[in-house]
Amino acid sequence: MSLKEKLIEKVHTEEHPHAHNKITVVGVGAVGMACAISILMKDLADELALVDVMEDKLKGEMLDLQHGSLFLKTPKIVSGKDYAVTAHSKLVIITAGARQQEGESRLNLVQRNVNIFKFIIPNVVKYSPDCKLLVVSNPVDILTYVAWKISGFPKHRVIGSGCNLDSARFRHLMGERLHINPLSCHGWIVGEHGDSSVPVWSGVNVAGVSLKSLHPEMGADGDKENWKDVHKQVVESAYEVIKLKGYTSWAIGLSVADLAETVMKNLRRVHPVSTMVKGMHGIKDDVFLSVPCVLGYSGITDVVKMTLKPEEEDKLKKSADTLWGIEKELQF
């Protein structure tokens, strides 16, 4: 009789138990691991799977997390190059791909990452045909479209992390100016995650008080307080962080865990995430852009119809045209 048998009396043998709330992170770079630790610390999964092509790094990251098991409430952390480890995932987060270099635009990464997605997506779909896909790799709007095309999933199950982080950055900067917690500062950035994102100045408020009604020049060129600069800082923030530390990780990891929480707990919170916007705001092509979406267990269940000023709508359309110009040239 082994020590284990002497110590423990078996009551019931489970038949092939598999996780009920499994999350997979594809790509264990700085962003993937920031997503992983943020998800672990929010107790969102009963199993976490990590996948990457770099086997040593992958095993090292898995072991490092497993060694912290005592301090976490996710009983199973697995990893592998083979996508079989991802089977039965409820949510699959894709962070793999070529990374933005200093000064490089997100759009420049496109074809490099399309080729990577051609391998990843079919493997994810094979083992978790009912999962929700959350795309984080840049350029996120285009790669969410690519993931949708390759997966064959209905559009409500393919979500791009989109402007969830841009809006969070905006609210942080707004909070700094007003000396108010960002949770109480409301403002939305929509459109492309990146250089052509659109700040919806008309909706910016604190406690339901429209800031533009108090300060009509807000967001305009002639504004003495130069609020436009807040949006400029949002656009430049990733470039600044990349210049200083080489990559971004913590904020996007926290932002992704925020989205994962809404999905896994069926919270039906509204987030600015990338979804198919054809037919909205005069957009006629199969473009993915961020608009306010209700998220829950089945993915994106609803879209909030924003009231946009004509110039905001024009910017959104222009964003869509830019993205479609690139999407229609892609080689699948």
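Using N, Cα and C of the backbone, Cβ positions are placed for all residues, glycine too.
Predicted, not measured: the structure shown is a model, and the values here were computed from it.
Features as listed in Swiss-Prot:
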type: BINDING; residues: 29-57, ARG99, ASN138; note: NAD(+) binding site
type: BINDING; residues: ARG106, ASN138, ARG169, THR248; note: substrate binding site
type: ACT_SITE; residues: HIS193; note: active site, proton acceptor
Query raised in the report: What three-state class does DSSP give MET33 (NAD(+) binding site)?
Result: helix
Query raised in the report: Including all protein chains shown, what's the count of other C-beta atoms within 10 A of the C-beta of MET33 (NAD(+) binding site)?
Result: 20
Report task. Round to the nearest Å and give the CA-to-CA distance linking THR248 (substrate binding site) with MET33 (NAD(+) binding site). Result -> 12
Report summary line: With the residue listed as 'active site, proton acceptor' as reference and a Cα-Cα limit of 10 Å, the qualifying binding-site residues from GLY29, ILE37, ALA45, ALA49, VAL53, ASN138 are ASN138
**Report entry** Cα-Cα distance linking ASN138 (substrate binding site) and LYS57 (NAD(+) binding site), given in Å to the nearest integer
**Finding:** 22
**Report entry** Integer Cα-Cα distance in angstrom, GLY29 (NAD(+) binding site) to ARG169 (substrate binding site)
**Finding:** 22
**Report entry** Largest tally of Cβ atoms lying within 10 Å of a Cβ, found at which of the binding-site residues ILE37, MET41, ALA49, VAL53
**Finding:** ALA49
Report summary line: In this structure, the one of the binding-site residues ASN138, THR248 whose CB has the fewest other CB atoms within 10 Å is THR248
Report task. Out of ARG169, HIS193, give me whichever of these recorded positions has the highest number of other Cβ atoms within 10 Å. Result -> HIS193
Query - Nearest-integer angstrom distance between the alpha carbons (Cα) of ASN138 (substrate binding site) and MET33 (NAD(+) binding site) - result: 16
Query raised in the report: Can you tell which of GLY29, ALA45, LYS57 has the most other C-beta atoms within 10 Å, given these are the binding-site residues?
Result: ALA45
